[in-house]
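If you scroll down you'll find the structure; I have some questions about it.
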């Protein structure tokens, strides 16, 4: 529908009825699996350096693990409790079957990529990851000795009989089920045994180079060594078969925060049992006999649609260790030197003169570290307040906060204990900070604190001035080198006041307060996004140019999706850059033909969130910690901050939005059929990669 077509405003109830058709929505779980295919495509791209292709393969495997631990576990929960279907109309049982079909193809493609493409390519360049049948005599002799000296002493094989029931198997660990024939020392007839590989054992073993005939750097999987020599654990018995397997379990921690008095203690108790929760997936060697598979399924409480046959090591993601162990720069992305802030030794003076925008990893994260380090050492700084979601193991951020507290400054840190898979690390972090005198709070009951905020209060003359850092990504110097994220450092008084009020809400019992500049979940961000989408819709109905460009990691919030459909019908031109799952179906005639959705998958993980609204010639641009997901907009503490400096807003539009819309090398476009297709340069267009162009500009 063209933007000049007369469209009558519709009521909310009419909109709800109009967009009730399940065919207008894509399934979140299947869309998330689609993203893994796009990551895997990078592993097959011959333009990508070989060891980087290996890393992309491992990322796709790790992503799939987390998908089962969280998303599939959630769907199984919905199935168990008979929860209603999502807007796409798919019921949990249908979703699980569809997930199985799509995952089976993904797993096949992953192992085909490893066995047929990457492993042979690495071998041709002198990096061998050797299977059992390719060991030479000297390698096999060395590995037998390694097994006897380093592996065998820590193994505890368990024969299965009435006195030895099926053992507890920890989440995502390597195990071998062994079929035995013979009589043991106590006269028991052998049948099945389980060998668990302790997590203390290395999953990748490097062979001494002198064992190679051609000087190659060679590795073997622990699973290959176990399978080859497992018979030594059962002397006098015949091993009829040894099959590796791995079980994946529900890893979503569940704590009733309204019922617990001590959140940290409750989480510690949950973490103890997390590795043994309900199973959601069984990976098993493809040659394992069906009766044994059924035995495992029965013990794990799984159905046939939870089994995945594996043609290779069940823990394929562990081959990522080879990336770090092979020191071959020509097989990796070339290093780069990110931009640094000039005169960063005087960071407060720089920020006082004007807002500072950083686009990581092209701009170094060291500027953020400098800000905090200088604040910790500056006698004029009176207070520091910060949120921490993920920080990494050796965090300069944490060290600076501790230094500040020990120097007598008032330091308050909101540590989110429920950051997925970082709960244990954050519990330790909270303890460390508290021991140093930092006031630690755990956020708000019922809401994860996902906002990225740093507030520094500094005395300047007779006044106190607030300095603020806001970001789309974590305070994590490691991910800042491989994730794209935006940082704003500002001394803007209105923004500083808003951030101060947010910290009062998080650390105390302050009531909801009206903010001047920032939008905040769970209070104003959802409504603020809807308002701006509807404003563009109104402009389009009046015949004015109207446009929305938004970049995020994922999109599924139903009201936002419906508002975008209404905007499209009114003629608003909408470009969405959504890296991962997207439930909106673009390009549907009469509904969403004015919406285009693309996903960028390249060297760096796209992580920044940016919302741009044309606003009838007075554009508004926001950066945010939140995706357009239900959880982010309604069930988390998030921030969305405006870029008030017009020059900085133009830079973001150019480098972060338009640049990605021009990309024709790393872009995938979502069709109305729900299929992502890789874009290729047209004959009259030069090849263009947004990430490569930004690197070249350094």
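Placement of Cβ uses the backbone N, Cα and C atoms for every residue, glycine included.
Grabbed the feature section from Swiss-Prot, which reads as follows:
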- 450: active site, phosphohistidine intermediate (ACT_SITE)
- 63, 483, 579, 607: ATP binding site (BINDING)
- 390, 420: Mg(2+) binding site (BINDING)
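I would like each feature placed in context: is it buried or exposed, what are its neighbours, and how far apart are things?
In the three-state DSSP reading, residue 450 (active site, phosphohistidine intermediate) counts as coil.
Non-local contacts of residue 483 (ATP binding site) by the CB criterion (under 8 A, 6+ apart in sequence, same chain) comprise 360, 361, 473, 604, 605, 606, 607.
Neighbour list (residue 390 (Mg(2+) binding site), Cβ cut-off 8 Å, at least 6 residues apart, same chain): 419, 422, 474, 475, 476, 479.
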Taking each of the recorded positions 420, 450, 579 in turn and counting other Cβ atoms within 10 Å of its Cβ, which one has the fewest?
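Among the recorded positions 420, 450, 579, the sparsest Cβ neighbourhood within 10 Å belongs to 420.
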Between residue 579 (ATP binding site) and residue 450 (active site, phosphohistidine intermediate), what C-alpha distance do you get in Å?
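That separation, Cα to Cα, works out to 19 Å.
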For the C-alpha pair, I'd like the distance in angstrom between residue 450 (active site, phosphohistidine intermediate) and residue 63 (ATP binding site), rounded off.
20
If you measure residue 63 (ATP binding site) to residue 420 (Mg(2+) binding site) at Cα, how many Å is it?
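Spelling it out, the Cα of residue 63 (ATP binding site) and the Cα of residue 420 (Mg(2+) binding site) are 13 Å apart.
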Mind giving me a neighbour count for residue 63 (ATP binding site)? Other Cβ atoms within 10 Å of its Cβ, every protein chain shown.
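Step by step: centre on the Cβ of residue 63 (ATP binding site), count other Cβ atoms within 10 Å, giving 18.
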Using the residues the record lists for ATP (63, 483, 579, 607), what whole-number Å value is the largest Cα to Cα distance?
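Largest Cα to Cα distance for the ATP-binding set is 15 Å.
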Neighbours of the ATP site 63, 483, 579, 607: Cβ within 8 Å of the Cβ centroid, same chain, sequence order.
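Close Cβ neighbours, site residues excluded: 553, 580, 605, 606.
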